[in-house]
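J.: Annotation source TrEMBL lists transmembrane segment at 20-36, 43-67, 126-144, 226-253, 265-290, 332-350, 362-384, 457-487, 539-558.
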Amino acid sequence: MDMETISTFAKKLWCVKKQLIIFLTPLIFLPLLFGLPEKEGKCLYVVLLMAVFWCTEALPLAVTAMLPVCLFPTMGILQSKIVCPQYFLDTNFLFLSGLVMASAIEEWGLHRRIALKVLKIVGVKPAWLILGMMITSAFLSMWLSNTATTAMMLPIANAILESLFGDLATLKENCKLKDETEGEEWCRVSPTVPSGEKIQNYNWSNRRTTEEIRTESEYQMKVWKGFMICIPYAASIGGTATLTGTAPNLILIGQLKSYFPECDLINFGSWFAFSFPLMVLFLILSWLWISFLYGGLNTRLCVRKQDERAQAERKAQAVIEDDYRKLGPINFAEGAIGFFFILFAVLLFTRDPKFVTGWSKFFNKGYVSDATTGVIIVSILFIFPSQKPSLSWWFDSRASNTSYVPLLSWRKAQECVPWNIILLLGGGFAMAKGCEESGLAAWLGSYLQPIAQVPPAVAVMFITAFVACFTEFASNTATIIIFLPVIAELAMFVNVNPLYFMIPATIGCSFAFMLPVSTPPNSIAFASGHLLVKDMVKTGFVMNILGILSVSLAINTWGRAMFSLETYPDWARQENMSSTVPHVQFPSVSPFNLTGL
């Protein structure tokens with residue numbers, strides 16, 4: 001068989017790779033059904049099957065998420081009447097209400113107004129502008145999806161960069177100039193702008209050497225990359241600050257309610273109080289690293305200097321102010337959405353924040369949840385008018401009839417809500433329930449006994465690092481679905497508060513910074529054509545380290561105080577757990593032996 005035949009055959013295999021994965025994976029894992037304890041083996045078979053399909057996307061993510069509905073009952077793992085309700089727990093309604101609120105914000109352009117206002121405040125020096133981009137992206141991604149935030153911010157960044165540095169194609173050409181020509185050259189300008197205007201804007205009416213042109217262009221290209229790369233990273237960081245910011249946070253809540261029914265420590269308010277300071281800390285560290293790496297941090301950070309860059313920055317500031325001016329004054333719809341958005345956040349935060357008494361005390365204990373709050377607020381959006389009501393209209397017989405337009409229509413909500421993500425959440429809850437009821441999580445945890453010899457503080461860093469590395473190649477939702485039940489069992493085996501391991505793992509799976517395929521925001525930024533894979537790997541590697549260290553610091557300081565992590569809780573003891581499967585017991589390890597730090 002010659003090389004050409006082999007090459008052709010390999011190409012054909014590659015064309016049908018997904019079909020081969022779907023067909024071969026169930027056969028490869030078939031021995032698990034016969035070589036392991038019956039129920040645990042069957043559940044592991046389904047979990048690995050779903051994990052492979054999720055990581056390779058051989059089937060659409062939502063279709064893979066629905067496999068427990070057919071496989072768990074037919075294989076005798078879990079009854080259908082137990083599996084199906086997992087797909088729409090109250091956690092899913094909280095997520096749905098957050099998505100509907102986000103669609104209303106996007107419908108009336110409030111997010112763009114917020115972004116431009118922040119950029120007006122921070123100024124246009126490269127380091128400050130990168131900070132403004134990161135603050136805006138992080139804030140918006142706390143409420144909007146990370147993908148929508150990135151898609152909205154990148155065009156704004158491109159417009160500012162073009163006003164700062166001119167045409168990107170010309171900039172790339174200038175970076176390739178060689179020092180072969182002696183003497184001086186005129187600075188090249190964008191063909192789309194008259195040369196006189198460009199020279200005036202940049203105050204480059206004097207002649208400059210080829211070396212000066214190339215050096216300045218290389219600096220500008222570095223800053224351009226810094227702009228492009230900071231937005232998806234900040235969106236991923238910001239999503240960790242609220243429960244509705246990213247799907248893994250909600251997976252944690254759902255699995256806690258299933259696995260530890262007596263645990264009521266985590267809700268919107270308590271999560272925000274813990275993770276928001278962590279998000280701010282990580283955002284500042286990320287800004288310092290990105291600004292240092294891409295040329296934003298220099299003597300011009302805080303010092304005024306009248307040079308060609310200063311004149312370009314003034315032009316960029318004018319672009320931002322002009323875009324903001326075009327939005328006009330805040331209209332009634334924007335004001336109404338802003339009010340309900342603030343009300344949405346305040347009510348979620350104050351329902352039961354744990355450190356003070358919340359408004360839920362006015363209702364029967366355990367009856368009102370974050371989902372109740374979210375659905376109440378977003379339901380009002382379908383009723384509240386988008387135009388200011390006028391009493392005179394009722395008494396003016398000559399006034400023309402106008403159609404009633406609410407702040408949000410159901411058609412718009414349907415278009416903006418990613419139902420596949422909701423099914424993915426449900427599949428995660430169903431998988432966790434199967435792992436719990438079948439005893440698979442306990443069985444897998446029994447093989448992690450060596451970790452019992454590692455100080456818990458060190459184990460937290462190992463777990464966060466492992467999850468952060470795994471999520472570089474798989475969906476963050478799929479990652480946390482697969483590992484969270486095992487991490488919970490591991491915590492019980494080493495006699496450590498389960499939240500001490502589960503919270504860092506949940507946050508860590510959002511730290512996917514190294515590859516374009518790691519997250520949709522990374523892919524969007526990479527598709528812009530300004531970034532190389534090596535840029536993301538170089539920047540993301542240090543970002544991962546900073547994230548792991550930040551999470552470890554947070555969970556070992558204010559996290560310990562907030563959630564009483566230094567003690568083993570009653571809600572995690574076997575008699576208070578919903579699972580009837582006996583748990584393997586190991587010799588207890590003194591919790592929070594922090595000598596490993």
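Cβ coordinates come from backbone N, Cα and C, glycine included.
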J.: Give residue numbers and ranges for long-range contacts of the transmembrane segment (332-350): same chain, 6 or more residues beyond its ends, CB-CB under 8 A.
T.: 101, 104-105, 108-110, 113, 143, 268-269, 272, 358-359, 370, 373-374, 377-378, 380-381, 384, 386-388, 407
J.: May I ask which of the stretches 20-36, 43-67, 126-144, 265-290, 362-384 has the most CB pairs under 8 A with the transmembrane segment (457-487)?
T.: 43-67
J.: Taking pairs 6 or more apart in sequence, does the count of Cβ pairs under 8 Å between the transmembrane segment (265-290) and the transmembrane segment (126-144) hit 3 or more?
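T.: When sequence-distant Cβ pairs are counted, the transmembrane segment (126-144) touches the transmembrane segment (265-290), since at least 3 lie under 8 Å.
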J.: With Cβ distances under 8 Å as the criterion, find the stretch in 20-36, 43-67, 226-253, 539-558 that has the most pairs with the transmembrane segment (126-144).
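T.: Counting Cβ pairs under 8 Å, the winner is 226-253.
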